[in-house]
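Accompanying notes for the structure given below.
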Amino acid sequence: MSEHKKPLVLMILDGWGYREDEQSNAILAANTPVLDELWATRPRTLISASGFDVGLPDGQMGNSEVGHVNLGAGRVVYQDFTRITKAINDGEFDSTPALVDNIDKAVSADKAVHIMGLLSPGGVHSHEDHIVASIELAAKRGAKEVYFHGFLDGRDTPPRSAKASIERIEAVFAKLQCGRLASLIGRYYAMDRDNRWNRVEKAYNLLTLAQGDFSYPTGVSALEAAYERDENDEFVAASTITPAGAEPVQINDGDTVIFANFRADRAREITRAFVEPNFDGFAKQKSPALSAFVMMTEYAADIDAPVAFGPTPLVNVLGEWFEKHGKTQLRISETEKYAHVTFFFSGGREDEFNGETRELIPSPQVATYDLQPEMNSEMLTDKLVAAIKSGKYDAIICNYPNGDMVGHSGVFAAAVKACEAVDHCIGRVVAALNKYGGEALITADHGNAEQMANLKTGQAHTAHTSEPVPFIYVGRDATASEGKALSDVAPTMLHLMGMEQPTEMTGKPIMTLK
């Protein structure tokens, strides 16, 4: 007869942050007797789920994708933005092979280096610090002609806020004396993602043919003229920047182009126009034979171009480590968070590991979840209790989506009901563990439901927060450590299961058995 396993259950309460202020706090307003008792009587602490602690920029709120990647990886997983910024700060950026080698190619052939990208401090698709670092690197490598082609933001930044960024770039060139700002166009044209090729064509022709609707001597004068035409940053018409006595800049044969955006979705189309031999989005008037077109990150696996910061495969994430040690695992959630407990928790892997089972509970078909704040949590719990009873699993990873999905609605009363529904379900799970054997860790991936209104404006607060999240151990006697983060959860699970930790996991157990 097969062994009856007593599982360690990781319950991830999505969007369940910790905030002591009762104002607009749906979690504190909710009647949660189960969690209240566990918090009062069990080993517990608070852990960080935002900012540097999860590989995001300092102060940036957490999110579900980043949270689950860190939970499953057992190490801080740096997001592309943070990786590149860190490389600049550490000096490693200046020796990145894809950048150095391809700048050098253009320099040795006496050709130009063109940097293009979203000129913005927004940090969503790009960051102007990365653009400045790229321009400075080209100058350090001896490029005599360095040109920047700016795409203006106004979506991830205020609609008319580009002036300071343009002034910064013009100051960089004034200092370096080896090139200039060459063109400006709104991201509406250069960064389409819906195959609106007529928009992309305008940007491509500006870059390769210096074909603009307007020409100005400076970037600031171009921007001011755009505002006169009532164009916000995002929609600025194609403008060449041509000082008196200078020629408009075109991207020509032998030049190197560096695309400084790090987010892929809106970088792909214009990249394909440059690099794909059989490109058919529009009829190109010019196809420069470049020394290289360098992508800052991998925009798509099928784009054949050098990548400065390639994907970093995560080795020995928790699921893989379980597989290597013959452990069985269940991943279970509703539709809304199913990808998070599978793909993201597995470090970006679609396939199941050996010994892994997946259980998908359909989320309710309602327009918004405030209409059914309990979602399908009872159905999810039925399956979870059955899995505990079955004795088949060494570990179970479960996500209750309610705090986040109802939190996003901004409806306070519904968020309170969502929290109460989850608390009731936790009671059922703990009762099943007491009856059939097993232990639980209860935590969250980021905050949300603990702040449902902006206290200054009174408007609904529908976003995530940067609050810490609870971490409770329902099991043996243990001591909790302070100052931990999501990346310490997988090492905690291994410690409680009596398993060694892979060297790739740099997190440390949050709970130590007494």
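Each residue, glycine too, has its Cβ placed from N, Cα and C.
Residues or ranges marked as active site, phosphoserine intermediate in Swiss-Prot: S64. Under the heading Mn(2+) 2 binding site, Swiss-Prot lists D14, S64, D445, H446, citing sequence analysis as support. Per Swiss-Prot, the feature substrate binding site maps to H125, R155, D156, R187, R193, R263, A264, D265, R266, K337; the stated evidence is sequence analysis. The Mn(2+) 1 binding site feature in Swiss-Prot is assigned to D404, H408, H464.
Positions of the features from Swiss-Prot, shown on the structure.
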{"residue": "D14", "record": "Mn(2+) 2 binding site", "CB count, 10 Å": "28"}
{"residue": "S64", "record": "active site, phosphoserine intermediate", "CB count, 10 Å": "22"}
{"residue": "H125", "record": "substrate binding site", "CB count, 10 Å": "23"}
{"residue": "D156", "record": "substrate binding site", "CB count, 10 Å": "16"}
{"residue": "R193", "record": "substrate binding site", "CB count, 10 Å": "12"}
{"residue": "A264", "record": "substrate binding site", "CB count, 10 Å": "18"}
{"residue": "R266", "record": "substrate binding site", "CB count, 10 Å": "21"}
{"residue": "D404", "record": "Mn(2+) 1 binding site", "CB count, 10 Å": "29"}
{"residue": "D445", "record": "Mn(2+) 2 binding site", "CB count, 10 Å": "34"}
{"residue": "H446", "record": "Mn(2+) 2 binding site", "CB count, 10 Å": "28"}
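Across the structure, R193 (substrate binding site) and H408 (Mn(2+) 1 binding site) place their CA atoms 25 angstrom apart. S64 (active site, phosphoserine intermediate) and H464 (Mn(2+) 1 binding site) have their C-alpha atoms 9 Å apart, to the nearest angstrom.
The binding-site residues listed here are H408, H464; among them, H464 has the most other Cβ atoms within 10 Å of its own Cβ. Same-chain residues with CB within 8 A of the center of the D404, H408, H464 CB atoms, the Mn(2+) 1 site residues themselves not counted, are D14, G15, S64, G403, M405, G407, H446, N448, A449, T462, A463. Across the structure, H125 (substrate binding site) and D445 (Mn(2+) 2 binding site) place their CA atoms 23 angstrom apart. Here the candidates are the binding-site residues D14, D404, H408, D445, H446. The one whose C-alpha lies nearest to that of D156 (substrate binding site) is H408. In the three-state DSSP scheme, S64 (active site, phosphoserine intermediate) is classed as helix. Across the structure, D445 (Mn(2+) 2 binding site) and D404 (Mn(2+) 1 binding site) are spaced 10 Å apart at their Cα atoms. Each residue contributes its Cα atom, and for A264 (substrate binding site) and H464 (Mn(2+) 1 binding site) these two points are 23 Å apart. Across the structure, H408 (Mn(2+) 1 binding site) and D14 (Mn(2+) 2 binding site) are spaced 11 Å apart at their Cα atoms. Using a 10 Å Cα-Cα cut-off around H446 (Mn(2+) 2 binding site), the binding-site residues R266, D404, H464 reduce to D404, H464.
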